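Engineer: Next up is a structure, given as structure tokens.
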Amino acid sequence: MPMYSSFCGNSTFWNTSAVEDYWYPKFTECFQETALSYIPCGWLWLTAGFHLAYLARHTRYISLPVTWLHTARLVVAILLCVMCGIHLIMPVIDDTMYTPSFLVDHSLCLATYILACILMVLSRKSGVTSPCIVFLFWLFTLVTRSIPLYTIIFEKVYQTDKLKFYVGIVTFSLIALEFALQLVGDSLVKIVNEAFYKKPCPKMGASYISRLTYTWMHRLVYLGYKKVVVMSDIFDVPGYMQCRYNVPAFMAAWQQELRKKLRTRVVDKSVRNGGLEYANHADKPQANGDVHEPTEKTRLLPETRHSVDVAVVSGDKKGKPSLIRALAKVFFLPLIKAQLVGLIADALLYVNPLLLGELIAYIEDKDQFPKWKGYSLAVGFFVVVFLNSMMSNYRFYTCSNIGQRVKTVLTAAVYKKSLTMNAEARRNFTVGTIVNLMSVDCPRFRDVTAQMYVLISWPVQMCIAFYLLHDALGIAFLAGLVALLFLVPANAGISTMLRRSQARQLVLKDQRIKLVNEILNGVKVLKLYAWEPSFQKKILELRRLEVAQLRKSAILSSFNTLCWLLSPVMMTVTSFVAYVLVTGESLTPAKAFVAINLINNMRVPMNSLPLLISQLVQVQVSLTRLQDYLSGEELDDKDTGISSNEFPIQMRNSTYTWDRTMAPTLQNITLKIPQGKLVAVVGPVGAGKSSLLSAMLGEMEQLTGQSSLKGQVAYVPQQAWIQNMTLRNNILFEKPLEEDFYKKVLEVCALQADIDLLPGGEMTEIGEKGINLSGGQKQRISLARAVYQKAELYLLDDPLSAVDAHVGKHIFQKVIGPDGIIRNKTRVMVTHGVHWLPLVDAIIVMDQGRITEAGSYQELMTHDGPFAQFVRTYLLEHADDEVEDPEVQRMQDEIRQHVDSVTSDEEQIVILRRAKSEIHGKGPLKRTGGIRHKDPKRSVSLQEVLQTPKEATKSKSRNRLIEEEKVEHGQVRSAVYLALLRSFGYLPAFAVCFFLLLYNAANLASGIWLSEWTSDAYLTNETNEGDKYSTKTNTYLGVYAALASVQMIANGAFVMFIFVQMVTASHRLHNAMLNSILHQPMSFFDTTPVGRILNRFSRDVDVLDFSISRQLRLVLQTFFNLLVIVAIISYSTPIFLVVIAPVMVVYILFQRFYIPSSRQFRRLESASRSPIFSNFAETINGASSIRAYKACDRFYLDSQNKVDINNKCAFASDSAARWLKVRLEFLASILVFFACLFAVISTNVSASLAGLSITYALQVTAALNMLVQNMTMLETNSVSGERIVEYIGLPFEPDWIKPNSRPPSRWPDQGRISFVHYSTRYRPQLDLVLKSLSLSVKAGQKIGIVGRTGAGKSSLSLALFRVIEAAGGSIVIDDVDISTIGLHDLREALTILPQDPVLFSGTVRFNLDPFDRHSDEAIWKALDHAHLGDSVRELPGQLEYVCEEGGQNLSVGQRQLMCLARSLLRKTRILVLDEATAAVDLETDTLLQETIRTEFKDCTVLTVAHRLNTVIDYDKILVLSNGKILEFGSPSELLSKTTGTFYSMAKESGLV
């Protein structure tokens, strides 16, 4: 090399003989001064630009003050600059000619050290600790400078040139010191935005080597070993993992996709409503979207549609917005960075076969090589395996974190979409479907992202492997390639069938989760009607169909997996056969074991590929579902800005609809509502009053006209939306507490008396959907929330419907009316009552979706128009109602006078006759008070069924209702594994073990047989040939092929059994859990959020369906493979046992140290997932209220906070797994090193045995990786099994049927009820709620049950149905003690009309008669008597028409009438009314009372009453107080006692 000769003086660049012939590797001076210097310096100069660009766009999460560490690093680097300067002036000092290479070397080093100083300073100022490129620069410098160091030492330069020697020693010492300082993490780290971190992640301040080896996790892992980790122990995720960093970027990318691709009018809607930017801007448009609230006259269900209007695009798939593209825009760069590092790791993996070939050549003839070569090869194996470990872990960890971020942004997008969906989209995506999108589909993207590297790694590794195989076996390698290619089309066909099967399975899963969700929401109705078996049968049928698809998928997956598992075996056999046949030569150790090593390296990508393909198939299905959902229709925003300060609500010729396939709901609406006025909206049932408010809020689709709303809105829906939080927080709604104003709000909304009775006062926790509150309480809390917001516009949808007239009067006067607390605000109030209409500023009269009249009360009463007709109808229907309140009586008299003055006598007589015949002409139960009178203190009461918190006043947490989710501690209990084994089946488990042992025995035998083959002296002698040579070769080849065939068959059977039988196990466990849940008492559902139970039926069941089978297979295969490896290495080099024993001890210690933390992280992750779903369900139910209050941003962020809490558990779990894996792989590197070292130093080990030993030793790393990873995943996913088994093991309620103690077939035939010293409590540790009650009810009597809040009224009705069990005494019905018979025998013999109407998705027939016990004639008769027959007859399919989820297409009144039809169909001798009319309007109340009086006139009726007027004409009144009977007698008898409790209650209600 002439160039180097002139540049380096007399030294050559490379001298092979010098390197190989010396006792140490001697490199030339030119090589040391050029290559060894240029490598680290070139690295820093090439990467500095990228690092500076990274610093420029880096988000600064931490600040790094100047500390001793930074100062020391800079000082040492400056000293190195000084040393470079000394090197440069050495020619002057020594007066010696130095070569140009020497001067360039140290000049370049000087410039590079200065650059390193600059980068360290800039990195510190940017908040970047221990930058990667700087750390690697010092590492490369340390390694390369060690060669000149040992050179000057071995050549004894100190004897000839002391200055050069000492300068070299000092320089290397400074480099070593600098590198040591780089290993130390920053001790002083300050968080930039401390508000986002409760406990900052230690990774943020860790050094690079700490990040690389996950040492920053050590403290948390150790804490988990010492004690049970709780949520507060876990640090927050780093800033780049938080929702606030990832979600905005993804949403911007997704919105860009929508803008580019959606080409219909849905584009504009999606773009406009996509961002929730309106939370704090009162004058901006409303967010829209919720299912409308129809009325009794609305069709039960829309017309059948032939096309689904979800992602409304122009038709072709190319026009759809791409979710993958949006994700790639956000996550592509960090993902590709990890992939590039991973590709280096993949390349390093194939350095091992090259080293193995060199080592075998060295062992075959050790005398030809210097000893240091053998040791260097051993060290080389260690370094390659260690570096591969570091890089592979970096790739997997980074990809896992990116996967978690992908799941995070998709979860946020699903949540956000739920706040903007219109009614059309929500009909296509039920709650069950949306929950599945969040719980199943989003996590699949996380899993596949973590494995996505296989797509790049697989072809790269295959290409390298095939190239090296060609180098080892020549053309014979093509036989192996053909065998591999043969599997590709088979695999592709299987994947296609698998994708279709899983798509069908997901549809069935959606239906199952939807039904489970409905059952959980209506479980009280199921219990009271004894309908559990019918719904259980329906879920089991859906699960059976789902399992059929799962089993089909399992079979296809097993074939898919088997194809890739067998491919290495097939490649080995076919390649060896081809080699022997083509070349006619026998295998040599170098060729055989290098080839096997290469094929073994291919096992990892081949094993990973089927898993990835399976995941990709699932993700493809999930991708389509998510894209359809996220690109679905959103609420339209057509606020035209026509509102003004004078008229904040305006509509001009506006037409609105809930469903474009049906006629418009509102037509030609024109109105102006002045600022500060009270406007009432009245009209008959089904006129469109509630729809008008929804249109104002932007909830409906506007077809024509202009509309606008200006100002902050407060909305009180007809059905109150209550959150699972304290009563105070429900009212504050995140507003700051203003004590005086807050107390005033409680007073005007008549809540203080109720709060005083609550166990925790205003801090009492309210259950999901306000389950521990009555309808009136929920409505007044909803009103109090609206008042506390101090809004400018109040939209009130019949806020007084759930309270009686007395309380209504208080609320109207103190809140809504001219003297109310919001008197200066603009108020629009829908109402069914008329007695307060004279006090409103204006009235809007609606009928059939149109405004028929509008004006002031005085204006509308001047003529016989629609308003006068409405008022007249109302008054005539209630002409005989007794009203004792003088003010209400006076107002009604005045209204009646106005009506009389504008209407004819003839009209009044006709309507009066009709009203009397409808209400009073049928049945003995005459109503005596149509106006709703009620004591404000008793206006609404806590349902006694949920008095548990009240009874537990001695408890520190007495104000809590919802119990914290139980999180297990320690190891997963053996009972869980036993339950899994039992559900798996003992015989299949035995078969699995048998085939696994057979496979590994064949694997072990094939390795030993190959060693014998390649070491056969006769075959290795190239001079031998002939029949004996051929016979021996064919024998070896045949036995090897036979052993390979046994491996394939045994492995195939093993995989098939695992996959298919785990589906069976999951099926059995699901069914057992369902059976257990349906057998739980009501107290379980009262204290357990729906989201927590749904989490079991969705995510945890999904883990059993899919994940555990794969992990169990991998754990078993890898564990036995590890045993085979140890056996073969020990057989080859017995001295290896000396090393493996202590290494295995350390390995076990690491495992024991790590598993407690990992297990607990998983448990906490599962527990922290439930609040996400509970919050999600709560959000869907209250979407219209959230939008009205413009609180979308707040709820959106609150959901993200819950996701961050869940993410920190997952992040800790993943980080701990890497912490362990790095350390175990280091142990594996040591094993490889010693296996090589023993092969080098042993004198009696042949090349074949050495090749066999090292070939299997190189599998230790992969085996340990797979074992640790999958054992951890198996145990952590076993937590899902643990949670399911926990629910299976819950104690059941009493037997549904007692075969040996069944009542007579027609029991009860009379309806006599006797309470004999009856006492009960809700739980064993609580106080009695009913205390020694004794009373008798005769057959056919009508009993009214009254009492103040907490008296025990509802407890009495629940006791009758044995929802709560007796603590003493008994209840006897027609001579049968109800405690002696089964629950279903009892409940099927009784009928109850509950307060909350519950419907299920299914046909009308199913909702009325789930057991198909009644004829069509009987069902139609019940519907006619419930005043629903005509509406149902209009439907296509009539009784077979499918009701929507939760009865969303029905108004509250229609749902209650449907429940009445159920009761009519059952028509038992005993009827219980549990405040059945407490939350319905007057019209529905009239229909209900009329039907009850006529159809149940011969039955025994027990009515839990809040309105005394509904029971004043009953046979007897039962007055309860504190669980005891105060009075029991006829109404006249009790009213005659002027000092009695009933008399005082009647007086307070204005009845006396």
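A Cβ is built for glycine as well, from the same backbone N, Cα and C atoms used for every other residue.
Residues annotated as compositional bias 'Basic residues' in TrEMBL: 923-936. Annotation comment: TrEMBL describes 340-618, 990-1276 as domain 'ABC transmembrane type-1'. The annotation domain 'ABC transporter' is assigned in TrEMBL to 649-873, 1313-1547. TrEMBL lists 923-943 with the feature region 'Disordered'. Summarising the annotation, TrEMBL assigns transmembrane segment to 35-56, 68-90, 102-122, 134-153, 165-184, 330-352, 372-391, 452-469, 475-494, 975-999, 1135-1155, 1224-1241 (among others).
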Engineer: Kindly say whether the transmembrane segment (372-391) and the transmembrane segment (475-494) touch, using the definition of 3 or more Cβ pairs under 8 Å where each pair is 6 or more positions apart.
Structural biologist: no
Engineer: Using a Cβ-Cβ cut-off of under 8 Å, list the residues of the same chain that are 6+ residues beyond the ends of the transmembrane segment (165-184) and lie near it.
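Structural biologist: Non-local partners: 69, 72-73, 76-77, 79-80, 83, 86-87, 90, 130, 134-135, 138-139, 141-142, 145-146, 148-149, 152, 157-158, 207-209.
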Engineer: By a Cβ-Cβ criterion of under 8 Å, what residues six or more beyond either terminus of the transmembrane segment (102-122) are in contact with it?
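Structural biologist: Residues 33-34, 37-38, 40-41, 44-45, 48, 51-52, 55, 70, 73-74, 77-78, 80-81, 84-85, 87-88, 91, 131, 133-134, 137-138 contact the transmembrane segment (102-122) from elsewhere in the chain.
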Engineer: Could you tell me whether the transmembrane segment (452-469) and the transmembrane segment (330-352) are in contact, taking contact to mean 3+ Cβ pairs under 8 Å with a sequence separation of 6 or more?
Structural biologist: yes
Engineer: Between the transmembrane segment (134-153) and the stretches 35-56, 68-90, 452-469, 475-494, work out which stretch tops the count of Cβ pairs under 8 Å.
Structural biologist: 35-56
